[in-house]
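For reference, Swiss-Prot has these:
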{"type": "SIGNAL", "residues": "1-22", "note": "signal peptide"}
{"type": "MOD_RES", "residues": "GLN23", "note": "pyrrolidone carboxylic acid"}
{"type": "DISULFID", "residues": "CYS33-CYS113", "note": "disulfide bond"}
{"type": "SITE", "residues": "ARG60", "note": "site 'Transition state stabilizer'"}
{"type": "BINDING", "residues": "ASP65, VAL68, GLY70, ASP72, SER74", "note": "Ca(2+) 1 binding site"}
{"type": "DISULFID", "residues": "CYS66-CYS71", "note": "disulfide bond"}
{"type": "CARBOHYD", "residues": "ASN79", "note": "N-linked glycosylation site"}
{"type": "DISULFID", "residues": "CYS119-CYS323", "note": "disulfide bond"}
{"type": "BINDING", "residues": "PRO161", "note": "substrate binding site"}
{"type": "BINDING", "residues": "HIS192", "note": "heme b binding site"}
{"type": "BINDING", "residues": "THR193, ASP244, THR247, ASP252", "note": "Ca(2+) 2 binding site"}
{"type": "DISULFID", "residues": "CYS199-CYS231", "note": "disulfide bond"}
{"type": "CARBOHYD", "residues": "ASN236", "note": "N-linked glycosylation site"}
Amino acid sequence: MHSSLIKLGFLLLLLQVSLSHAQLSPSFYDKTCPQVFDIVTNTIVNALRSDPRIAASILRLHFHDCFVNGCDASILLDNTTSFRTEKDAFGNANSARGFDVIDKMKAAIEKACPRTVSCADMLAIAAKESIVLAGGPSWMVPNGRRDSLRGFMDLANDNLPGPSSTLKQLKDRFKNVGLDRSSDLVALSGGHTFGKSQCQFIMDRLYNFGETGLPDPTLDKSYLATLRKQCPRNGNQSVLVDFDLRTPTLFDNKYYVNLKENKGLIQSDQELFSSPDAADTLPLVRAYADGQGTFFDAFVKAIIRMSSLSPLTGKQGEIRLNCRVVNSKSKIMDVVDDALEFASFM
């Protein structure tokens, strides 16, 4: 009975998404590129062999893409003379990663289905497959997005939640992009159930919280001692620390168990449980900690909503041939490559 209700709820959610964004559909590539899902999965599986972090990194790319002008693959663009890349924004600089895997994925898709699958759709599919490979839930990704023609670094600086954000700031950032439900914020924050963060993002919590010269009082004392060993006061701040001390490579509900024990890694995570303003988020943390299925159901609903934010569809934008550059640049680079190849035979 419970399973049937979940399926019914999922179908109703897809109907809601399709009514809001009629051009997005889980069957969008059924006839034009049905192999896209296998290509994406195989690329991630191969990458995981040498990089256990890559699944979490790809999910983060999708999150940070959708929070800036909708899910349009703008985060994948490199710098040009006309705009600064989102890769240079505070929330991405020296931390966003996985672009080489995205390049391999796109090259394989272009070989199989030329000029068919957008980078934005590919990234949304890759985020889902990354979660599934890490033990998380599966869902049908609504597709049909197209790619932006530019990046938005300033908007990324304004929209992306930061590691030291208060609960009020988090709610404001989510509301600004169209995610105004507490369940969206708490469920999507569960993406931190795997992956790593750098010491630089928690140093204030460990040593000088709120300019007090003291650690964050919400931090569990034993966890504080552990983190201080990993991130000494004058140590290398690029050292990586697991978000989830229990199951760092699995997509599960242990993130919320950690929050209940005051063992959230970054301030913005612990705020969901420990903030004085957490009257609406604290019960959700408890519910997700007590039931992994409850968390999975909420996460799927929230990520479908997020991935359907303000998509470019129809003839808007383009389908990039190379996710790093808009197509006019891709064509120029192809001409240059062809010329260099020709010259090598002269």
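Just so you know, glycine gets a Cβ as well, placed from its N, Cα and C.
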Subject >> CB within-chain contacts under 8 A for the residue listed as 'heme b binding site', separation at least 6 >> reply: PHE243, ASP244, TYR255, LEU265, ILE266, ASP269
**OP:** Counting Cβ neighbours within 10 Å across all chains shown, tell me which of the disulfide-bonded residues CYS33, CYS119, CYS199, CYS323 comes out on top.
**Re:** CYS119
Original post:
Rounded to an integer, what is the Cα-Cα distance in Å between THR193 (Ca(2+) 2 binding site) and VAL68 (Ca(2+) 1 binding site)?
Top reply: 23
Original post:
Which whole-number value in Å describes the distance between the Cα atoms of ASP72 (Ca(2+) 1 binding site) and ASN79 (N-linked glycosylation site)?
Top reply: 16
**OP:** Report the residues of the chain - excluding ASP65, VAL68, GLY70, ASP72, SER74 - with C-beta within 8 Å of the mean position of the site's C-beta atoms, for the recorded Ca(2+) 1 site, in sequence order.
**Re:** CYS66, PHE67, ASN69, CYS71, ALA73, ILE75, GLU86, ALA120, SER148, PHE152
Original post:
How many whole Å apart are the CA atoms of GLY70 (Ca(2+) 1 binding site) and ARG60 (site 'Transition state stabilizer')?
Top reply: 14
Original post:
Do any of ASP65, VAL68, PRO161, THR247, ASP252 (binding-site residues) have a CA within 10 A of CYS119 (disulfide bond), and if so which?
Top reply: none
**OP:** With the residue listed as 'substrate binding site' as the reference Cα, tell me which of the recorded positions ASP65, SER74, CYS323 is the closest one.
**Re:** ASP65
Original post:
CA-CA, which of the binding-site residues ASP65, THR247, ASP252 lies nearest CYS71 (disulfide bond)?
Top reply: ASP65
Original post:
At the level of the C-alpha atoms, what whole-angstrom distance separates CYS33 (disulfide bond) and SER74 (Ca(2+) 1 binding site)?
Top reply: 23
Subject >> Ca(2+) 2 site shell beyond THR193, ASP244, THR247, ASP252, criterion: Cβ within 8 Å of Cβ centroid >> reply: PHE194, ARG246, PRO248, LEU250, PHE251, ASN253, LYS254, TYR255
Original post:
Do any residues at least six apart in sequence from CYS66 (disulfide bond), in the same chain, have a Cβ closer than 8 Å to its Cβ, and if so which, in order?
Top reply: VAL177, MET306, SER307, LEU309
Subject >> Where CYS33 (disulfide bond) falls in three-state DSSP terms >> reply: coil
Original post:
Across all protein chains in the structure, which of the recorded positions VAL68, CYS71, CYS113, CYS231 has the highest Cβ count within 10 Å?
Top reply: CYS71
